[in-house]
Every structure is written in C-alpha cells, then in structure tokens.
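Student: Below, the features straight out of TrEMBL:
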type: DOMAIN; residues: B:8-70; note: domain 'NLE'
type: REPEAT; residues: B:211-242; note: repeat 'WD'
type: REGION; residues: B:257-279; note: region 'Disordered'
type: COMPBIAS; residues: B:260-271; note: compositional bias 'Basic residues'
type: REPEAT; residues: B:289-329; note: repeat 'WD'
type: REPEAT; residues: B:375-417; note: repeat 'WD'
C-alpha cells in the first residue's frame with residue numbers, strides 16, 4: 001500500500017490535486033482520468049472489464065482474478081468464503097481430479113449440435129430471397145394486432161375493480177340510546193312520539209341496571225336489513241372539490257400598481273341648502289358648477305372650495321352642464337320647462353324664467369316647437385314640457401334635451417337658435433341621452449335597453465340590452481367604443497360596442513340603484529355612485545390592440561361618513577386632467593376625492 | 001443587552017457665542033439619551049438657569065430618536081468621538097396679533113419688514129403693521145361703480161427701491177408696491193407710502209397700474225428678489241414676467257372718464273412715465289413663457305433672473321429671464337398648488353395635488369424626477385409653503401386642516417404645529433422676517449405668530 005493517509009476519508013481529498021502521501025511524506029498526485037467517451041470505448045474493448053474494480057483510496061483500478069470473483073460469489077451466496085476450508089479439502093482429496101473437473105461447468109450439448117429451428121429459418125429466408133421478397137416479409141408474418149381502446153378500457157376496468165366504495169356506516173348509539181340515559185336525555189311522557197326523531201325509543205322503558213335489560217328481539221331483523229343495505233344499495237363515489245373561493249377569482253393586478261386613483265376625501269364644498277342634484281366641471285378643471293334642489297346654481301373655485309357666485313331660480317334646477325367649447329364660457333341649466341344658457345362670468349343674482357307663465361297648459365301643446373329668447377346676455381329656451389337634462393355635443397354648438405321618463409329627444413343648435421325633435425313617435429321612456437365622442441351617433445338609454453342611432457343616416461345601428469334590468473344611467477368611454485350602464489338593481493354593465501349586444505361584464509357592486517356613472521377623460525378610471533351612499537372607483541383599461549380584453553379592476557369604495565341622513569349620492573364627475581373625483585350627495589355638499597400617496 | 005448600557009462618546013460643538021460653548025473634549029453619554037436628555041447634559045455643563053432647550057445635529061440630521069438608534073441607523077462608527085452640534089431649539093410660536101377681514105384671506109406676503117400684505121376674497125388687498133393693525137385697504141382702481149370686484153387670490157409686496165434707481169419706478173423711495181392678482185385675470189399694483197413708525201400708510205395718487213394679458217384667472221404672483229420684476233401665472237397655461245413699471249398706469253380721474261367701457265380698452269390705461277402716450281409697453285418689459293400644458297398655479301423666484309413655475313400638468317420648470325428660455329424641467333407625481341424657492345440655493349419646496357405632504361426637490365442632488373424629500377404630517381391638503389429668509393433649513397407650510405407647521409428640513413418631523421385657524425382652512429402663510437410667521441385663512445383672520453429660539457426667548 002502506497003497511500004499513507006490512514007483513516008482520513010477520501011472526501012477530504014476530493015477537491016485536491018493529490019490523493020494522499022507516500023511513506024516519505026510526498027504527495028501522491030491523482031491519476032488523470034480519460035474523458036467518458038474514451039472510457040466507454042475502453043470498456044467495450046476490454047473483455048475483462050466486468051472484473052475491474054476502482055479503488056478510490058489508491059486511485060487505481062484493480063483487476064480481480066477468477067479466484068477473487070469466486071470468493072465474492074461465495075460470500076454473496078452465504079457459503080464459506082474459502083473453498084479450501086478443511087471439509088472441502090477432504091472432499092476434494094477423496095474424489096480426485098475427475099470429480100473436480102466435473103464440478104467445473106460443462107458446456108451443454110445443445111451448443112454443439114446445429115439447431116433445427118435455425119435451419120428452418122435459414123431455409124425460409126433463402127426461399128424468400130429467391131422469390132425476391134421484400135425484407136419486411138422476412139420478418140415473422142405475425143403482425144401484432146393492437147386494439148385502440150384497449151389501454152383505456154383496461155385502465156377503466158382496473159379502476160372499477162380496485163376502487164373500494166365503503167358502505168355508509170350505521171349510526172353510533174348516543175346517550176339517548178342508553179338503557180339508563182341521563183336525565184336530560186330521558187323522554188318524557190308529554191313528548192309526543194311523532195315529534196321525536198327517535199320514534200322507536202318513544203315506547204322504551206328504562207332499566208336501572210344492565211342485568212335487567214332483556215334480549216333485543218329485533219336484533220336479527222336489523223342485522224338482516226343491514227346486510228341487505230350493504231350489498232344491494234348502489235354506491236357512487238362522490239368527488240368533492242376542495243377549491244378556495246379566492247382561487248376561482250381571476251388574477252387581477254393589485255390596486256397599488258394602478259395608481260393614481262381617487263382614494264381619500266380632500267375637500268368639502270358646503271353652501272347648498274338642499275340636495276345637490278347635478279355637478280359639472282369646466283374644461284380647464286378650475287371651476288365647478290352645482291345644481292341643487294334649493295333652486296340655485298353655484299359656481300365654485302376648485303382649488304379653494306370657495307363659492308364664487310350663486311344664481312337663484314324660481315324652481316328646482318334639475319341639471320347643469322358646461323358648454324364644451326373653450327371659448328364659449330357658457331353653461332346650461334334645466335329649470336322646469338326652460339333651458340337657460342348662462343355666461344359663467346355673470347354676476348350672482350336671481351335669473352328669471354319663462355316657464356312660470358306657461359307651465360299650466362304645457363302638456364296640451366306637446367308638439368309645439370320651443371321658443372328662444374335672449375335677455376341681457378343669457379338665452380332661454382322655453383320648451384312645451386318639462387326638461388330634465390341637457391347633454392352637449394363635443395363642439396359646443398348642438399345640445400340635446402330630454403326628460404327622464406319622456407318619449408322624445410330634442411336637439412337644439414345654439415348658433416342658429418333652432419330646435420327639432422328627433423323622433424316622430426316613440427314609446428319607450430328615455431333615461432339618458434349622450435352624443436358619441438367623435439362619430440355622428442347618438443346613444444339613447446331607455447329603461448330596458450340602449451339604442452345607438454346614426455344621426456346622419458337617421459337609422460338605428462345597434463340595440464344593446466343587459467337582460468331583465470331597469471337601466472338608470474349611462475356613460476360613454478372617451479375612446480367611443482365602450483359604454484357603462486348603471487341599473488336600478490345596483491349593477492354596472494360594461495358594453496363593448498364592437499362586440500356583442502350583451503354586456504362584456506356585469507358587476508353587482510351597489511346595494512341599491514346606481515344614480516350616476518362617469519369616465520375619466522384621460523386616465524383609465526371610471527366611477528359609479530348609488531343610492532346606498534357609496535361611490536365606487538374602478539380601473540377600466542381599454543387596450544388599443546384588439547387581442548387584449550378590457551381590464552376592469554375595482555379600486556376603492558368610498559362611503560359617505562356623514563352625520564346627516566345622507567340617503568344617496570346623485571352625481572359624480574371626474575376632473576378633466578387630475579385623478580380627482582367630485583361627488584354630489586343628499587347631504588347638501590360636494591366632495592372632492594383626491595389621490596393619496 | 002438591557003443590563004448593559006451603551007455609552008457613546010460625544011464631542012459637543014456649537015456656533016453659538018462664547019458663553020454657550022463648552023470644552024470640545026469627548027464626553028461619554030448613555031446611548032439611550034434623546035434630544036431632551038442631551039439638552040439636560042448641555043444645560044448641566046453650562047450651568048444655565050433657567051434651563052434652555054437645545055436641538056442637536058448629528059451629521060446634518062436633527063436628533064429625534066435616541067442617540068443609539070440614530071447611530072445604528074446611520075451606521076456611524078462610535079469608536080471615535082461622535083461630533084454633535086447643538087443649536088438653540090425653536091420655541092413654540094406664540095400668537096402676537098390678529099387682523100380681521102370681511103371675507104376669506106386668500107394670500108399673505110411678509111417679504112418686506114415694514115408691512116404685511118394680504119389678499120382677500122372681497123376683491124381687495126390690505127396692508128397691515130407687524131402689530132396686526134390695518135394700515136390701508138386697497139380696492140381695484142378700475143372698478144366700475146356698483147360692480148363687485150373679483151376675488152383677489154394672490155398678493156405680493158415689492159419693497160421700496162433705493163434712492164438711486166427708483167427714479168422711474170412706481171414705487172418711490174419711501175413707497176412700496178402691492179401687487180395682487182385675482183379671478184378676473186388682471187394683475188393690479190398700487191403704490192403705497194408707508195410710515196412704519198406711526199403705522200399708517202397712504203396710497204400714492206396716480207401710482208396704481210394694471211398688468212393686462214392673462215386670459216384666465218391669475219393664480220400666483222411673486223416678486224423677484226431685487227424687487228424689479230414680478231412673475232404671474234394663471235389658468236391660461238402661461239407664466240408672465242413683468243417689469244414693475246410695465247403696467248398700464250391707471251389714473252383715477254382719467255380712468256373714470258375714459259376707462260369705463262372695458263378693462264382692456266386702450267383709452268383707460270396709459271403707460272406710466274409718458275402720460276398721454278397710448279403705445280404698448282416695450283416688449284422687454286414683458287416675457288411670456290408658454291411651456292406648460294395646463295394651468296400654472298405656483299411661481300417662485302430663485303434669483304432675480306431665474307423663476308420656477310409649476311402647475312396642474314405635473315411639471316416643474318425653471319425659466320431664465322435673461323435668455324428667455326426654459327432651463328430645467330422636471331416631472332413631479334402630483335399637481336403643484338404651492339411652491340417656494342430658497343433664494344440663491346435653488347432648493348424648491350412644493351405642495352399640492354390633494355397631497356398631505358410637503359415635497360422638496362433639490363436640483364443640486366440632481367434627481368431627474370420626483371421629490372427628493374417628503375415631509376408628511378399634515379392631515380389636509382397642503383396649499384402653501386414658504387422658506388425662512390436667512391435660514392435655508394426652515395420652512396413653514398399651511399394646510400386645509402387649519403394648521404401651520406414649522407419644519408426644519410434636517411429632520412422629518414415638524415418643529416411645531418400651530419392650530420392657527422381652528423375648524424377653518426389656512427390658505428396662505430409666510431415668514432415676516434426670520435422672527436415671525438403670518439398666516440391667513442377662511443376664518444377671515446390674518447394671524448401673526450412670534451417665532452423665537454430658546455436663547456432669545458428668555
């Protein structure tokens with residue numbers, strides 16, 4: 001033995017260049033091993049490879065002799081390690097060399113005689129070759145037939161065979177079944193036997209000792225019934241799914257990644273003496289208009305929540321809207337049956353109306369066209385019937401007026417002071433009307449469905465319906481291809497105008513009727529307000545690529561934490577550039593909701 | 001660990017006068033000492049009676065936690081003596097005086113020592129003595145009888161020019177100029193003679209002028225450090241820089257006779273200095289910077305040549321008045337509503353966007369975007385920030401929660417919180433010299449608070 005490392009484990013030298021030390025203390029360097037391909041070739045070439053053992057400690061291959069192999073085989077078979085033990089020796093001496101030769105394995109005789117079957121096979125090949133057969137035919141002509149369904153059948157059979165369906169276990173006896181139950185389990189005489197679940201115990205007698213219990217007469221019958229149950233009842237294995245509810249939800253991005261969005265109350269605009277019904281924000285995002293049930297419109301400075309001017313009317317102002325043209329600086333207000341177009345720079349004061357004189361007989365002359373009047377800077381359009389709301393066309397010249405629940409929409413042109421009805425005869429009650437952001441279309445939301453009209457061709461393009469629900473409000477995405485609708489049951493339906501006439505997504509978000517929905521002009525945000533005094537903010541990303549679906553993520557629920565009896569939020573408007581939301585509620589104030597840090 | 005008390009050897013240094021100095025030998029103090037404990041140590045060493053509170057700086061940061069925590073957080077080696085600088089602590093501001101307005105106070109300016117200017121939503125600007133007495137109420141000179149003036153939302157004060165170069169100025173040697181802007185888009189200025197000793201002021205006749213040009217409401221006006229130029233910004237997305245003499249002079253008598261038609265009618269306004277000449281002011285007096293894409297709501301001067309502006313388009317821009325170019329432009333995450341700049345240093349503090357924080361951006365650090373530091377303590381929207389004159393670390397901010405907060409930018413917590421407008425909203429704040437802060441709010445009050453450090457307060 002050259003290596004003098006002693007008991008030191010060979011792992012210690014695994015990283016080293018040497019394997020140990022010789023007697024003089026010099027390092028024994030490791031043998032350079034060939035690569036694996038050479039090794040493989042070497043094993044093929046070397047007939048005695050199977051007898052070679054690698055000695056890790058000495059770092060060399062040891063070739064075992066036949067005697068060694070025999071020794072190992074003996075050890076494995078549990079025989080004496082040395083064949084030269086005393087009893088064997090004796091035996092050997094007794095039987096002589098012939099005996100020993102006999103014990104060496106003889107080649108069997110069949111190896112020395114030619115095989116009949118091989119001769120037959122060769123004969124067949126020769127015949128086939130003479131017949132110029134293809135090499136395939138030389139193979140055995142027994143083509144293995146395979147059943148296509150076999151594997152599956154077999155697996156099914158095996159599952160059917162092997163699954164054990166346990167029978168239902170009989171009920172275990174409880175305290176009430178005892179021969180001497182505790183007091184609270186004893187059945188009183190007052191208890192009607194029919195009302196008790198254990199009706200067989202109703203007539204039971206109690207025993208104060210086990211030895212007094214007689215033998216159970218129905219024992220055999222019950223066991224028999226049980227056996228019948230066990231082998232006659234069909235059994236089915238029920239697969240119970242263990243799915244957590246949150247696993248079924250689609251993977252939505254976290255609201256934290258979708259900032260900015262309005263999340264915390266920042267400013268409160270107080271001053272109105274009654275419910276605020278409608279709010280509007282100008283294109284620059286600096287002024288806010290609010291219409292209230294106290295018959296006034298207020299103009300607010302947004303950055304300071306200061307009320308700049310108050311215009312008083314003789315009736316409830318139902319809605320207010322800015323003219324979208326940046327130069328006009330005009331807004332419209334709906335009061336009784338008048339549409340008032342006011343300059344926002346007009347000083348505070350009371351605004352006279354036309355409707356007060358005529359409102360009595362307005363219902364009669366329904367088809368009468370409105371009259372336009374101009375009086376010191378403001379314009380008044382007096383309609384035949386009440387008007388609820390005005391929506392402006394993007395360019396700020398045309399506006400449409402309608403009455404909630406009414407049957408017709410009137411389009412007015414400010415520059416020419418003309419008005420016209422768009423339907424000759426319609427029967428459905430209108431809830432909301434909007435112009436398409438860039439196409440000459442008009443969207444009319446009725447109580448059951450939304451109609452998309454082409455105003456140029458004067459034809460119906462599409463009819464969207466969200467099932468069996470009453471619609472209440474509508475907002476159009478600034479991209480023009482999407483639409484959200486709020487319903488009286490507190491649901492929001494998102495429509496894609498390019499897709500089907502049914503909603504792309506319906507969200508049951510509010511507890512009561514949705515009163516208003518709004519899109520942000522620049523950011524992928526929309527919000528809804530409801531009678532349940534909550535405002536909900538959503539992320540609604542519409543992708544320009546057609547292969548991606550619209551992503552809708554609920555972001556924030558804002559609750560009115562007002563001390564006053566707030567019975568709802570009536571309107572919501574986004575700031576044109578900032579991620580700010582304005583909500584107008586029944587608590588006589590307007591809230592500005594800003595994005596938080 | 002709890003049994004073993006960590007001792008940190010400190011070397012106390014100061015820039016205070018001789019009687020407040022101690023020997024610069026290292027002293028071992030317990031590591032759990034906070035500002036109060038360190039202050040006790042200094043008081044003990046100086047034998048001060050009554051004791052005076054001190055503040056402590058370690059590597060340019062105020063000590064607000066225990067020394068041990070600070071050392072661990074900043075990873076300072078305690079093997080050598082820790083150098084701790086002590087400065088007198090700022091005493092809580094005490095209210096000095098209050099001035100009453102009829103309407104909301106929208107802005108205050110205390111940049112001139114002799115008077116404090118306020119703007120009010122009733123459309124007037126006022127001058128107050130530092131004692132809180134009203135000196136003069138300035139109404140728009142061009143007001144048509146019977147009409148209600150547009151609210152004033154911003155005001156600034158140009159101190160009197162010195163004798164030599166004030167020959168042409170509307171502000172004469174003894175007179176200051178009050179500049180105010182409001183919702184009607186006109187920046188107005190009044191020349192006011194102030195007698196600081198008697199606390200009275202009188203409007204100088206024929207000295208008021210109009211700066212016409214903004215097409216929307218004016219959001220902010222700011223006076224350049226030299227007092228020569230005024231910058232204004234507004235809803236029309238522009239920043240305009242005016243020379244203080246560039247406005248149309250408005251003569252009361254001439255205005256009444258000829259200026260009735262409209263505000264912009266040429267007849268009503270004549271340039272100061274050459275009466276009767278209706279020519280436009282020379283272009284060198286007016287610069288219009290049109291780089292913003294939304295309303296510009298705040299403007300602040302860094303030096304007499306560099307002005308910063310920020311607005312609802314989330315961009316902070318600096319403009320060079322000499323070259324008339326935009327020099328720097330930075331994106332910020334929120335809409336800017338109020339801004340202030342350290343003169344010379346160039347550190348910009350801004351607030352806004354419904355944010356409850358004061359953000360600071362230091363161009364010397366060179367971050368490409370966002371605020372380098374945010375100071376969070378307010379519970380409402382912060383609307384105004386101002387730097388202390390002569391102290392580049394001190395900052396005052398006011399918020400819609402009705403409080404004023406005094407900050408030292410070397411620490412993250414406010415030095416003091418003053419509930420200046422309880423239940424109402426504070427709308428403007430400023431320093432009036434380094435020893436006074438002034439604020440105005442929706443309760444219609446101008447409030448003046450005395451600001452002293454612990455040594456002078458005693």
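Placement of Cβ uses the backbone N, Cα and C atoms for every residue, glycine included.
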Student: So, does the repeat 'WD' (B:375-417) come close enough to the repeat 'WD' (B:289-329) to give 3+ Cβ pairs below 8 Å, pairs being at least 6 apart in sequence?
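Tutor: Output no: the repeat 'WD' (B:289-329) is apart from the repeat 'WD' (B:375-417).
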Student: DSSP on the domain 'NLE' (B:8-70): how many residues come out helix, how many strand, how many coil?
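Tutor: Counts, helix then strand then coil: 19 helix, 17 strand, 27 coil.
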Student: What counts of helix, strand and coil residues does DSSP assign across the repeat 'WD' (B:211-242)?
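Tutor: Secondary-structure breakdown of the repeat 'WD' (B:211-242): 0 helix, 18 strand, 14 coil.
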Student: Can you break down the repeat 'WD' (B:289-329) into helix, strand and coil residue counts using DSSP?
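Tutor: Its residues divide into 0 helix, 24 strand, 17 coil.
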